[in-house]
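Student: So that we are looking at the same thing, I have put the structure below in structure tokens.
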Amino acid sequence: MSKSASRARLADIIRTRSFGRGEITLASGRKSDFYFNLKPTMLDPEGAALLAELTYETLRDEKVDYVGGLEMGAVPLAGAIAQLSWLKNHPISAFFVRKKPKEHGARLSVEGLAKGESLAGKRCVIVEDVTTTGGSAIKAVEAVKESGAEIVLVLTMVDREEGATEAFAAAGLPFRSLYKASEFLNT
């Protein structure tokens with residue numbers, strides 16, 4: 001399937017499985033009359049494969065070592081990207097950032113690394129399923145930077161176009177999205 005065909009098919013899946021209208025309170029605390037819940041798309045076999053494919057194509061030339069983001073939204077996405085990258089013979093490892101470290105065990109903020117493995121000096125991309133203001137992704141960026149990593153990109157599947165671009169620019173972070181909310185609202 002061509003990139004444009006993959007993108008169109010994924011948009012159809014998102015529209016069917018993950019987009020809705022009706023009043024909702026967003027993670028940012030804002031109210032909205034539409035929403036995206038990408039988990040049904042990320043956990044659908046075809047949706048997961050297309051998200052991984054389009055994301056991998058975006059990252060392929062970035063010389064990325066790791067991909068990850070804030071739990072819960074980034075976990076299935078990071079895993080799918082890591083798996084596809086292995087199949088493409090260009091491995092990109094995955095991690096996730098806890099919203100709050102567990103109060104038992106290793107008490108880690110960044111999970112998924114083997115004993116002795118570190119993000120220090122590694123090129124990382126922060127992925128997110130849906131971005132509104134950028135606040136959640138910036139929390140993940142801060143935790144990953146504390147681990148010594150270089151953030152080369154913040155990549156979201158859907159940008160709600162409600163301030164994230166400006167927030168990332170102010171933080172000096174490159175930002176891209178696979179889709180904009182307006183692509184779904186205007187159809």
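Including glycine, each Cβ sits where the backbone N, Cα and C put it.
Annotations for this protein, taken from Swiss-Prot, read as follows:
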- ARG98, LYS99, LYS102, HIS104, GLU128, ASP129, VAL130, THR131, THR132, THR133, GLY134, GLY135, SER136: 5-phospho-alpha-D-ribose 1-diphosphate binding site (BINDING)
- THR132, ARG160: orotate binding site (BINDING)
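Looking at the shown structure, what environment does each listed feature sit in?
Tutor: For VAL130 (5-phospho-alpha-D-ribose 1-diphosphate binding site), the Cβ neighbour count at a 10 Å cut-off comes to 23, with all displayed protein chains included.
Annotation for THR132 (5-phospho-alpha-D-ribose 1-diphosphate binding site): spatial neighbours LEU26, ALA27, SER28, ARG30, ARG160, GLU162, GLY163, ALA164, criterion Cβ-Cβ under 8 Å with sequence separation of six or more.
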Student: According to DSSP, which kind of secondary structure is ARG98 (5-phospho-alpha-D-ribose 1-diphosphate binding site) found in, if we only use helix, strand and coil?
Tutor: coil
Student: Give the helix, strand or coil assignment DSSP yields for ARG160 (orotate binding site).
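Tutor: SS state of ARG160 (orotate binding site) = coil.
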